[in-house]
Amino acid sequence: MCATETGGTDSRSTRSASRRSLGLALIFATSAIWIISSFLSAFLVSAHDDRKAAVHPFLLTYLATSLFSLFIPMLWVKKKLGNMLHGTPMSSGPCRQGAHRSEHAGSLRSSFDGIETTVHSMDPIAARKLALHAAAWCVPLWFTAQWTFNVSLSLTSVTSNTILSSTSSLFTFFLSILLLGEVFSSRKLVAIIACIAGVALVTLSDSKSTASASSIQGDMMALLAAAVYAGYTVVMRKCMPGEEAEQHVALFFGYVGLISTVALAP
């Protein structure tokens, strides 16, 4: 009995360590992709003496966000292929239908006055409703954050933009305390102070550059993008809590792309 319990604990610890390692690896990969895309975006939206900007920041944001809508047909194809390979699960009959009704009734409780959502177990219909509702709340924040980020790239350096955009963790922390009940700690306070010091140094450096007015405007837009992105992150987490909701992030972004494509067409 004890050996079984010990084995189960070791197995959970191993899975937890593996998930943490995978998470860190994905963070580093995301950072690398973010930096590369920032240089590419800066090239596209910045005007130089010998050429005009290739694309307006709003249009670039619209095109990039609209591509998320491709997740919807991709998920549909994935589901169909899965059914073909493993067999279509039974979806009819009174027992099955009754189970679906019961799952749906207890799976989702939402009150978007306070943007509260509780997820226990989701059937596909509840998952789609949850993802769509969350996307409707997050689209304005997501699009504004990406647009101001691209505007910043047209006004300041990629280095300044990247450093200032990383302050989203600072804004996320404060919003998490207010909306998610995050616990404040001394270590987090030290990190916040270091973050603020970094922002001050970057802004001071840009204020002494030859194009100081443009650079400072770009820095302010980068900070605005970081703040709005933090709001998007917290609202998304509030709307889609729990590991089961995390399984439907691709569907969420698919709806973000679809809503943006329809509602924000230039």
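Each residue, glycine too, has its Cβ placed from N, Cα and C.
Pulled from TrEMBL:
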type	residues	note
TRANSMEM	22-47	transmembrane segment
TRANSMEM	59-77	transmembrane segment
TRANSMEM	130-149	transmembrane segment
DOMAIN	140-203	domain 'EamA'
TRANSMEM	161-181	transmembrane segment
TRANSMEM	188-204	transmembrane segment
TRANSMEM	216-236	transmembrane segment
TRANSMEM	248-265	transmembrane segment
**OP:** Count up the helix, strand and coil residues in the domain 'EamA' (140-203) according to DSSP, in that order.
**Re:** 52 helix, 0 strand, 12 coil
Original post:
Do the transmembrane segment (161-181) and the transmembrane segment (22-47) share at least 3 Cβ pairs under 8 Å, sequence separation 6 or more?
Top reply: yes
**OP:** Please give the sequence-distant neighbours of the transmembrane segment (130-149): residues at least 6 beyond its ends with Cβ less than 8 Å from one of its Cβ atoms.
**Re:** 57-58, 61, 64-65, 108, 110, 112, 115, 117, 119, 122, 161, 165, 221-222, 224-226, 228-229, 231-232, 235-236, 239-240, 245, 248, 251-256, 258-260, 263-264
Original post:
How about the transmembrane segment (248-265) and the transmembrane segment (22-47): at least 3 CB pairs under 8 Å, pairs 6 or more apart in sequence, or not?
Top reply: no
**OP:** Average the per-residue pLDDT over the domain 'EamA' (140-203) and send me the rounded value.
**Re:** 81
